[in-house]
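Enquirer: Structure provided below as structure tokens; questions to follow.
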Amino acid sequence: MLTAENRARWRLAGLLSPATLIIGLFFVVPLAIMALYSLLEPGMYGGVEWTFYPDNFGRILGWADGSNEEFDVVYLQILLRSFKLAAITVLLTLLVCYPAAFWVSRQPERLRNFCLFLITLPFFTSLIVRLYAWVLILRPTGFLNASLQGLGLIDAPLDLIYTEGAVLLGMTYIFVPFMFLPIYASVEKLDRRLLEASADLGAGRWQSFWRVIFPLTLPGIAAGSIIVFIPSLGNFIVPSLLGGARVLMIGNLVEQQFLAARNWPFGAALAMLIMAAVLLFLLLYVRWQGRAALKEAAR
Amino acid sequence: MSHANNPVVEIRAAVKHYRTPEGHAVRALDGVDLSVGANEFVTLLGPSGCGKTTLLRTISGFESLDSGELLIQGVAMNQVPPNRRPVHTVFQSYALFPHLSIGDNVGYALDVRGVARAERRQRVGAALELVGMGGLEKRKPGQLSGGQQQRVALARAIVDRPALLLLDEPLSALDRQLRQAMQRELKNLQHELGIAFVFVTHDQEEALTMSDRIVVLNGGHVQQVGAPQDIYDRPANAFVAGFIGESNLLRARVESCADGVATLVGEQGDPLRLPSAGLQVGQPLHILLRPEQFHLDCPGDPAAHGALDGVVEQTVFIGKDFEVSLLSATGSRIKAVVRDASRQALQRLHPGSSLRLWYALDAAHLIAGEA
Ligand SMILES: Nc1ncnc2c1ncn2[C@@H]1O[C@H](COP(=O)(O)OP(=O)(O)OP(=O)(O)O)[C@@H](O)[C@H]1O
Ligand SMILES: [Mg+2]
């Protein structure tokens, strides 16, 4: 005999099983394979040998003894650079989106909806095509250099593409919508009457911003930052198109190991390290901001 | 009270238009004059849309005047932003900061001005104590009931003793009992603090019980300013008479004026003979009679009383008194509240029976009517 509670439990299980299946099949299982591979010895011609092999991590973190693999500090440098570029991308998208969200939220409804449509418009075209457009603009013979030269402002083409600047530009460009939407949601929710109350109690604009607007939109800022930071960190398309060989990011390294070098265990080790770093980052976030943000979101 | 000498707020010929999205201009304030004295409790009273909130928001600085003058403590405010005005508002929605604790909400005005820690703590505590919310500094607004939030909003607005407190229907979200309790408390608080209050309501009972003076607004115009009793007993025009309290307005005309006695004829029953001061022959008038001014039997000298005949439409016993609806000979509907002195009223007040109601002539208040 089924009690009501039991029935509810079964119904819940039924409803959740497709999602569980998909996540299990396409996420947990591959992840487990990756974790396993990262600890196995790379085979001579791709594939793996079934022996325990901590040197995949050793090459990156510094305990490879030199008999099989060399420790090379370049991996850590690339990891560090990836963190730096991802963090700057977060800052840049924030700088673009925060004021824009306020502007959009103040527009009449029709214009507002149109703006939101424009923000999501890039999703309708291929990422590769959009990034290639930047290649055409930035390269030495590209649109920007040609125009500047034509105007006589510069003599020789500027070094625009294959720089950290170009990578940041591309990443900011593709991640702006991801930052904009959560920020906009929290800005839109902001109660104007609270700003009036703040002014009424004697706060100037600057004080109202720091005491009321900023804390109340912080959950949106935090959500946007996470949504931008994580894919920026592992991104390989932007650096490979706009950074070339000069500005490698950790994503490129993983891609190379899997596709070119066919060293899956080493690629898996790199990927596990990125994941560990992201998890650490998330953990800190939940510790510091999460409590307030979750409480806010639950209301 | 010397509000004539040193008013906290002075408004002269204030005009404010809004432009609607459709492009129409709405005249929200149409030449409003008002002065509020120190320590005075002034209520803005009027129907929905008459411009009460607009007037309040021009004082707090969230709306600017199209023309006219606004002085607070003698200083012209036209160019002064809201945060520089010595005025705080208690908002209808309370507008407590959801991310701040009660203590930080109440201390907001002090924090903004950089008041030292110890003094801040002491003043926040005192303000909360004053509204009966002592010791709740740590809570968040979301953890309070509506009435408690109301008190916190009040404490937040008085913590730094502004010259003037503006309250826009602060009690309208509360249930009746709490509302009446808060009315008394607000009045006491105002007395204790010595801060001038400008209080908005569209509840006339609230206005009558709480105010030193009432400003009756309609369509952006001030209809009348006066003490509650003045407004009730001597309304300046038909609108005020109709808006405040139950009233019967009877149309009449001055038929003759001779030897200081004017004779009025019209709906009020037998021709009335009144002192003719200020009256002219042919002048149309309204005679205001409150329901409780009617009697079943002539209480004294019949010459000093008017009589009104009609047919009883409906009678309701409301405890002690009877509420009678009478259809007069001229077809007006009269509402009267009469006391059953003779214990035979039920018979006379039976629907369908004819009835004569008496009223004292000196109780009748005359209002100039339209031609
Ligand atoms: N922002 C605005 N834009 C256009 N018209 C407005 C605006 N605010 C108020 N009005 C109009 O101005 C008039 C006065 O409004 P106000 O809010 O002052 O009325 P109120 O007396 O406070 O009414 P209530 O008792 O309903 O609160 C109304 O006709 C209203 O429609
Ligand atoms: Mg209003």
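Heads up, the Cβ atoms here are built off N, Cα and C, so glycines get one too.
The structure displayed is predicted, hence computed values, not measured ones.
Feature table excerpt (TrEMBL):
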DOMAIN    A:79-285  domain 'ABC transmembrane type-1'
TRANSMEM  A:12-40  transmembrane segment
TRANSMEM  A:85-104  transmembrane segment
TRANSMEM  A:116-137  transmembrane segment
TRANSMEM  A:166-187  transmembrane segment
TRANSMEM  A:208-230  transmembrane segment
TRANSMEM  A:266-286  transmembrane segment
Enquirer: May I ask you to check whether the transmembrane segment (A:166-187) and the transmembrane segment (A:266-286) make contact, with contact taken as at least three Cβ pairs under 8 Å and only pairs 6 or more apart in sequence counted?
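Expert: The transmembrane segment (A:266-286) and the transmembrane segment (A:166-187): touching, no.
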Enquirer: Which residues of the same chain, at least 6 past either end of the transmembrane segment (A:85-104), have a Cβ under 8 Å from a Cβ in it?
Expert: 112, 115-116, 164, 167-168, 171-172, 175-176, 178-180, 183-184, 187-188, 217, 221, 224-225, 228-229, 232-233, 235, 249
Enquirer: For the transmembrane segment (A:12-40), could you work out the same-chain residues 6 or more beyond its ends whose Cβ comes under 8 Å from its Cβ atoms?
Expert: 48-54, 56-57, 264-265, 268-269, 271-272
